[in-house]
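J.: Got a structure here, written out as structure tokens. Questions coming.
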Amino acid sequence: MALKFEVLGKFNRARAARLTLPHFICQTPLFMPVGTQGTIKGLTNNQLEEIGCQIILGNTYHLALRPGAELIDDLGGLHKFMNWKRALLTDSGGFQMVSLLHLADITEQGVTFQSPVDGKPMLLTPEESIQIQNKIGADIIMALDDVVKTTITGPRIEEAMYRTLRWIDRCIAAHKRPDAQNLFGIVQGGLDPVLRDICVRGLVDRNLPGYAIGGLAGGEDKDSFWRVVAQCTAALPEDKPRYVMGVGYPLDIVVCSALGADMYDCVYPTRTARFGTALVPEGVLRLKNQAMANDERPIDSTCTCMVCRNYTRAYLHCLVTKDAMGSQLVSYHNLSYMMRLSKDLHTSLVEGQFPEFVRGFLRAQFPKGNVPEWVCNAMEVAGVDISTCCAPITS
Ligand SMILES: [Zn+2]
């Protein structure tokens with residue numbers, strides 16, 4: 001095990017922790033920007049450090065295609081290759097294949113796919129995924145799992161869950177650098193509580209350095225989503241990090257943190273920036289909107305980021321979706337927003353102000369008191385009283 005997880009503050013299930021990884025000491029809850037090719041589109045490493053980014057997610061599939069795991073290894077690993085001194089996490093590559101390539105097929109051996117380079121059939125096995133990730137050298141590496149959409153029902157969900165458990169043993173056996181890289185297992189099982197339970201127990205038995213909750217953020221309804229998170233966080237060990245994959249929106253992160261999750265990743269803040277949408281305490285600000293054309297205010301007057309200190313909404317209105325600089329500046333602000341949200345969650349837990357923070361967040365997002373029902377249900381299970389944020393029911 002190459003990590004240390006120390007809880008510094010708690011409120012019921014929610015926790016703030018110090019996560020010591022080989023390359024960096026992180027504070028949780030934390031958000032990981034997704035750097036497909038080892039870069040966050042349009043942002044420099046210095047800028048990422050400046051906004052408080054602690055860990056970046058690299059996509060193994062993309063890195064293995066270009067520049068290739070061998071080359072990264074020869075050049076001293078991904079940290080050195082991209083000159084990033086803080087923490088890195090790589091995914092297994094399986095999800096990218098299944099989601100990007102129509103011709104991917106999953107068998108007991110691994111994920112078969114057609115090479116996008118020369119069209120030849122290729123196979124990614126659990127062993128190979130780990131070998132590639134060992135070469136890339138990230139602080140956290142992910143097990144290859146059998147991914148199915150949560151909206152699928154029937155025996156395929158059960159098959160995928162049991163296969164994920166069989167594959168974790170192949171991943172553990174293949175992992176050559178457990179003293180320098182932390183292998184996380186991924187809980188699968190769709191929306192079925194019985195299958196999720198079998199998978200959590202199976203993974204916990206393997207005593208891994210950390211655990212991820214997978215197979216979510218795939219179009220399931222929000223009530224099903226938070227219930228899976230709540231079930232898994234309750235069953236996972238207290239002294240290991242819990243990572244909800246592919247999540248999410250700021251509201252999802254606040255809810256999952258209340259339920260005891262620690263780590264998140266999502267392309268949303270940078271993807272939405274490219275369409276001119278900025279994240280603000282009230283929700284989102286659409287910079288393309290005509291009302292922004294002569295608005296001299298910054299994106300968010302409570303934000304101290306470089307973009308909010310220097311540029312007006314009117315200026316950004318001109319740039320977004322037309323000039324690369326537009327999406328870079330909005331990405332910078334949006335990631336700053338996510339980093340500030342993570343930090344505020346951490347601080348509020350350490351200082352014993354977590355319920356107050358959650359209520360303040362919800363009041364800003366839902367000033368009319370129209371907090372979605374799934375949020376109310378989740379907060380009840382999390383033991384966070386948000387009654388003062390919700391409008392009285394009038395019927
Ligand atoms: Zn800002």
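Using the three backbone atoms N, Cα and C, a Cβ is placed for every residue, glycine included.
TrEMBL annotations: computationally assigned, not manually curated.
Per TrEMBL, the features are:
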DOMAIN    13-365  domain 'tRNA-guanine(15) transglycosylase-like'
BINDING   Asp91, Ser92, Gly93, Gly94, Phe95, Asp145, Gln188, Gly215  substrate binding site
ACT_SITE  Asp91  active site, proton acceptor
REGION    246-252  region 'RNA binding'
ACT_SITE  Asp265  active site, nucleophile
REGION    270-274  region 'RNA binding'
BINDING   Cys303, Cys305, Cys308, His333  Zn(2+) binding site
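Looking at the shown structure, can you explain where the listed features end up?
T.: Every protein chain considered, the tally of other Cβ atoms within 10 Å of the Cβ of Asp145 (substrate binding site) stands at 29.
According to its DSSP assignment, Asp91 (substrate binding site) is coil. For Asp91 (substrate binding site), other Cβ atoms within 10 Å of its Cβ number 30.
Residues 216-218, 225, 264-266, 268, 279, 337-338, 341, 361, 365, 375 of the same chain lie 6 or more positions beyond the ends of the region 'RNA binding' (246-252) yet place their CB under 8 Å from a CB of it.
Other C-beta atoms found within 10 angstroms of the C-beta of Asp265 (active site, nucleophile) number 23, with every protein chain shown included.
Taken through DSSP, the region 'RNA binding' (270-274) splits into 5 helix, 0 strand, 0 coil.
Long-range Cβ neighbours of Cys305 (Zn(2+) binding site) (same chain, at least 6 residues apart, Cβ-Cβ under 8 Å): Ile51, Tyr332, His333, Ser336, Tyr337.
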J.: Identify which of the binding-site residues Gly94, Gly215 has its Cβ surrounded by the largest number of other Cβ atoms within 10 Å, counting every protein chain shown.
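T.: Selected residue: Gly215.
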J.: Looking only at Cβ atoms, how many others are within 10 Å of the one on His333 (Zn(2+) binding site)?
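T.: Within a 10 Å radius of the Cβ of His333 (Zn(2+) binding site) lie 27 other Cβ atoms.
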J.: Round to the nearest Å and give the CA-to-CA distance linking Asp145 (substrate binding site) with Cys303 (Zn(2+) binding site).
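T.: For Asp145 (substrate binding site) versus Cys303 (Zn(2+) binding site), the Cα atoms are 39 Å apart.
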J.: Check the recorded positions Ser92, Gly215, Asp265, Cys305, His333 for any whose Cβ is under 6 angstroms from an atom of ligand 1, and report them in sequence order.
T.: Cys305, His333
J.: Can you list, in sequence order, the residues of the same chain other than Cys303, Cys305, Cys308, His333 whose CB lies within 8 Å of the CB centroid of the Zn(2+) site?
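T.: Surrounding the site, in chain order, are Pro298, Ile299, Asp300, Thr304, Met306, Val307, Arg309, Tyr332, Ser336, Tyr337.
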J.: Provide, as an integer number of angstrom, the distance between the C-alpha atoms of Gln188 (substrate binding site) and Asp265 (active site, nucleophile).
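T.: One finds 17 Å between the Cα atoms of these residues.
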